[in-house]
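Q: Just passing along the structure, written as structure tokens.
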Amino acid sequence: MAVYEERIPQVKQQRPRRRGNRKLVFLLVLFFLTILIIVFIRSPYSKVQEIRVTGNDIYTTEQVITESGLMKDMQFLNVWENSVRNNLKPLEAIKDVTVSRSFPGLITLHITEQKRVAFWSGQDGSRYALLDNGYVLKQVNFAKRVVDRPLISSWASPELLPHLAKSLSKLSPNVLAEISDITLTPTVYDKQRITLYMRDGNEVRSVIYKLDKMMNWYPAIMKQLPPDTKGVLSLFEQPWFIPYGAQGAIPIQEGQEQPQQPQQ
């Protein structure tokens, strides 16, 4: 009998299938995941709780937030950068905006604006920013804000403003801050002659197309003059300085110091 039992092939035991268990686990996970999503959507953590704005100078934080279309208590996950960018297009001085999200509920708008290089003074007392692209921004009246840029007055040729803006944008911040007023003083031979009134009491006479190359030398030139000397500095081909009330000019030597570089 033992011999016959050895010849009979033994039937392998089949393992029970687990498809039913896997399907049950999947349904349970899906169920609880759905519950978690519903709970999150209805919780305060799914809402926008705070909106911050950085990089804005021309527009106020309230203006940017209002124009962006963002509001508190809106869905946190329903904030799209392209939508915000399109909403901010009416604010003409904004070059770009990026949106960052920080959990829970914080939205930050990072604003990049055109640079203010001067102020355009209107006849009615209004004051508008001249941007580095040559555009006079009339959306915002700066009449009640601190004058931290040159004030343009007596300017009869608006077509020259883009050229002036380009030159001013290349000046270092320190030199730009020293300029108080700019007037257009053309001659028969040169329509781009300008006069700059400095905050230290001096006058500078130059031309628009040389301003960005010559004006950054201003701090170095002033160091060559006797202390407390005020007068007229001419920045053309060869700079020279005439004190107020004097007949002769003080020679100016170029190249003794490096000009101040514009901020990138």
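Cβ coordinates come from backbone N, Cα and C, glycine included.
Swiss-Prot lists 46-114 with the feature domain 'POTRA', giving sequence analysis as the kind of evidence. If you look up Swiss-Prot, you'll see 1-23 marked as topological domain 'Cytoplasmic', on the strength of sequence analysis. Residues or ranges marked as topological domain 'Extracellular' in Swiss-Prot (evidence: sequence analysis): 45-264. Annotation comment: Swiss-Prot describes 24-44 as transmembrane segment, evidence class sequence analysis.
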Q: The domain 'POTRA' (46-114): mean pLDDT?
A: 94
Q: Within the domain 'POTRA' (46-114), how many residues are helix, strand or coil going by DSSP?
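A: Final tally across the stretch: 19 helix, 24 strand, 26 coil.
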